[in-house]
Amino acid sequence: MERSPFRWLLPIGVLALLVAAWHFIVTLNNLPPYVLPAPGAVLETLIRDRAVLFGSMLVTLETTALALLLAVAGGVGLALIFASARIVEFSLFPIAVILQVTPVIAVAPLMLIYMSTDSAVLLCAWIVAFFPVLSNTTLGLNSVDPNLRDLFRLAGASRWQTLALLRLPTALPYFLGGLRIAGGLALIGAVVGEIAAGSAGQGSGLAFRIVESAYRLNIPRLFAALLLISLAGILIYAVLSLLSWLALRRWHESEIGGPA
Amino acid sequence: MTADVNAPAPQTDAPLLALRGVGKRFANAVTALDGLDMEVRQGEFLSLLGPSGCGKSTALRLIAGLSEPSEGRLDWHGEEQARRAAGQPSIGFVFQEPTLMPWASVFGNVHLPLKLAGIGRREAEPAIAEALELVGLSGFRDAYPRELSGGMKMRVSIARALVTKPRLLLMDEPFAALDEITRFKLNNDLLDVWRRLGCTIVFVTHSVFESVYLSSRILVFRARPGRVVAELAIDPNQPRDEAFRTSPEYAGLCRETSQALARAMDPR
């Protein structure tokens, strides 16, 4: 099953079947496009409005990527500080948890008051992406095999050597798992930020296009923008999975036998 | 050098290390060792034999310097004393599990102790090749641990312990998790390594048969509190091979050792 072409054909077939069902429901019931557009109409809009829509997609992807990058820098940096001084971990971890459990949609309007739209959207995306990187990397840095730790001690390894040659490699699979979650969350955070900003009449990302299309009852365009957001999410997931596979394929159980 | 089971064993009577009145209590108030007196002699193959919880692994960790005794002292002698004074103890340690870094190749794993001492890949290459040759893994330097069998992983672990050419090799039940066929093979290869390198080995085990087959001396431990209750010496020049394993002498020594162990486990 793992290697068989059915692994690819089956999900594509199911998807095609769903799209066909959608098409026939629309045509057989003569539904107007402002209620439910046919898949063909969505595709048509996507091509006609490509300049606006792909431009918006680029904006959203840029925000997501930048937020993810900052989340990695902040999350890994803070995890390293946590790992070297437990007292910092005790002091700061609750704050990270508070940031994580407070719904970002509820905080977004507040951020828009104090910041420019772009920074507020970026901050929304960063807040949700930061936590999985931090918590997974911290977990990884603290998951060192005690025997290997003893071995490093016996060999007279310095703190720096233990970190670079033992703790960081141990943490890598955990970090990459966190990164994959963070990638999806960063996109959600960016979309939430854009919607909050869009409702204030600003922004130019994909989520803003959705809000705008809804106001104008341009439902085909709403679907087209939604399709692009899904595509953006798939793209991010695929890139991060590839990264994970490249880093772990020789040694980690999770990546043996090909990318997930 | 050639492998020869009849080669003279590298034993002398010169003491290498003496433990005097050593006790070890853990934070949870468990007394692992109490009043332990034992000696390690230069070049011997010493087995520490006892039931689980008798403190034999604790004694090994104290010798390695991985923990400090709660009371008593360790006296090092001769060359090793001088090395310790210079802060360069010459010890190799093999754990019960292979304890390999899964992200590094066999070469990388064996390189580790040298790398930590600041010796680069190229400079370390001859020593690594030699260590891998000693354990019969020359053809596997680029393999990753997950690609190896349990016995081969343990060989890598032993090669890593040998790569610094330690004078003292400490082994904590290294073959306990292996099947019998693999264990017999590794027993023979370990004896071969011991004779070729002339190092001292302290070997923790709970197997009477393994300790008799390997050792030139056996210390039998009792539990609660852990201390040595019996000592058995076996002629180190006795060839250790399949003929020995099936001989009446071997059977007799095993019986004697088993009886000592049974007395050690007697609650009185």
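Even glycines carry a Cβ here, placed using N, Cα and C.
Whatever TrEMBL says is automated annotation, not expert-curated.
Taken from TrEMBL, the feature domain 'ABC transmembrane type-1' applies to A:57-244.
Summarising the annotation, TrEMBL assigns transmembrane segment to A:53-83 (among others).
Beyond the ends of the transmembrane segment (A:90-114), by six or more residues, the same chain brings 78, 82, 120, 123-124, 127-128, 130-131, 134-135, 189, 192-193, 195-197, 200 to within a C-beta distance below 8 angstroms of the stretch. The annotation transmembrane segment is assigned in TrEMBL to A:90-114 (among others).
Long-range neighbours of the transmembrane segment (A:120-139) within the same chain, counting only residues 6 or more positions beyond its ends whose Cβ lies under 8 Å from a Cβ of the stretch, are 63-64, 66-68, 70-72, 74-76, 78-80, 82-83, 89, 96-97, 99-100, 104, 107-108, 111-112, 114, 171, 174-175, 177-179, 181-183, 185-190, 192-194, 196-197, 203, 205. Per TrEMBL, the feature transmembrane segment maps to A:120-139 (among others).
Look at TrEMBL and you will find A:181-201 (among others) tagged as transmembrane segment. Under 8 Å from some Cβ of the transmembrane segment (A:181-201) lie the Cβ atoms of residues 60, 63-65, 67-68, 71-72, 75, 104-105, 108-109, 111-112, 117, 120-130, 132-133, 136, 207-208, 210-212, 229, 232-233, 236-237, 239-240, all in the same chain and six or more residues away from its ends.
The transmembrane segment annotation in TrEMBL covers A:222-248 (among others).
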